[in-house]
Amino acid sequence: MTAPNRPIILTAAPVGFSRDGSLDLGASRRILEFIASSGTDGAFVLGTTGEFPSLTQQERHELTKLSLDVLRGKRVVVHVGAPSAFQVRALLADARDLGATSVGVLTPYYLPASDDAVFDFYRSIAAEAGGLDVYAYLFTGRTGNAVSPDLLGKIATLPHIVGAKISGESLEKVSSYRAAVPAGFQLFTGGDRDIARVRAHGIDGVVSGVASVLPAPFVAVADSVERSDDDALARLQPAVDDAVDTVLGDPARIKAGLALQGVDAGTSRMALDPVDEATRAQLERVVSEHG
């Protein structure tokens, strides 16, 4: 169990693909094995870093099964987000059948949704979520649908909704949700740079794509927070900043960084810039210094 003041680190796991765009389960397994031995607390799988919009339902089934197998004993949140509650319910049921105990659900996206529509979306999902812990996933910059603290507070009253991951917002904005939700409702930020400060702001931890390739600085910071070692935190923050500024949470860069550590992580399926020689040199440096 994580110590009360230690920030939880969930890695945002990438997915490996072949050069023709097909799913590479071997590469995906190698990524998950790296995460399993990284010292982090677990993973948020099939989310943004996992290029979930490009995955078929069958691929999500296969990757959920693989993730739960490789990360057995770790904390695993399986993202089952989709534009409609109809799709989410099917993905949720499949994840539960495969043994998942926690799922993440992105807000509705693409079409604009009112607060009432967003609440009804989560209410429909909560009604089908028996046996699961559900984390709302808020990412206004990608979905176009904002969730205010008041709305999250209302969503938090629904059965099985136990927490939220909030991405693309400042630490201060994420912390503003704390007063609106019940005690014990877990809040995670996608702002992995802020790991040293999250607990002081009432946030339980980070979901970090960068930690899937460079976990060491994040684990060291979490250890130092647990010890209340401010001197160590001051020394370690530049390494976290360097890792975040170089990797940028980009799936292509993450997989290139893994390859530099001997992990054949495959390539990406979505329309991402390839890693050029200048970027590769930057990745080589941060892997050498922080890997």
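Counting starts with 1 at the first residue shown.
Note: Cβ is positioned from N, Cα and C throughout, glycine not excepted.
In TrEMBL, annotation is done automatically, which means it is predicted and not curated.
Quick look at what TrEMBL lists:
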ACT_SITE  Y137  active site, proton donor/acceptor
ACT_SITE  K165  active site, schiff-base intermediate with substrate
BINDING   T49, V207  pyruvate binding site
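Shown on the structure are the features that TrEMBL records.
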residue : record                                               : DSSP (3 states)
T49     : pyruvate binding site                                : coil
Y137    : active site, proton donor/acceptor                   : strand
K165    : active site, schiff-base intermediate with substrate : strand
V207    : pyruvate binding site                                : strand
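Between the CA atoms of Y137 (active site, proton donor/acceptor) and the residue listed as 'active site, schiff-base intermediate with substrate' there is a gap of 5 Å, rounded to the nearest whole number.
Between the alpha carbons (Cα) of the residue listed as 'active site, schiff-base intermediate with substrate' and V207 (pyruvate binding site) lies a span of roughly 8 Å. In this view, T49 (pyruvate binding site) is surrounded by 25 other Cβ atoms within 10 Å of its Cβ, with every protein chain counted. Sequence-distant neighbours of V207 (pyruvate binding site) (same chain, 6+ apart, CB under 8 A from its CB) are L10, T11, A12, F44, G47, K165, S167, F188, T189, G190, D192. Within 10 Å of the Cβ of Y137 (active site, proton donor/acceptor) there are 28 other Cβ atoms, across all protein chains. For K165 (active site, schiff-base intermediate with substrate), the count of additional Cβ atoms within 10 Å of its Cβ stands at 27 [all protein chains shown].
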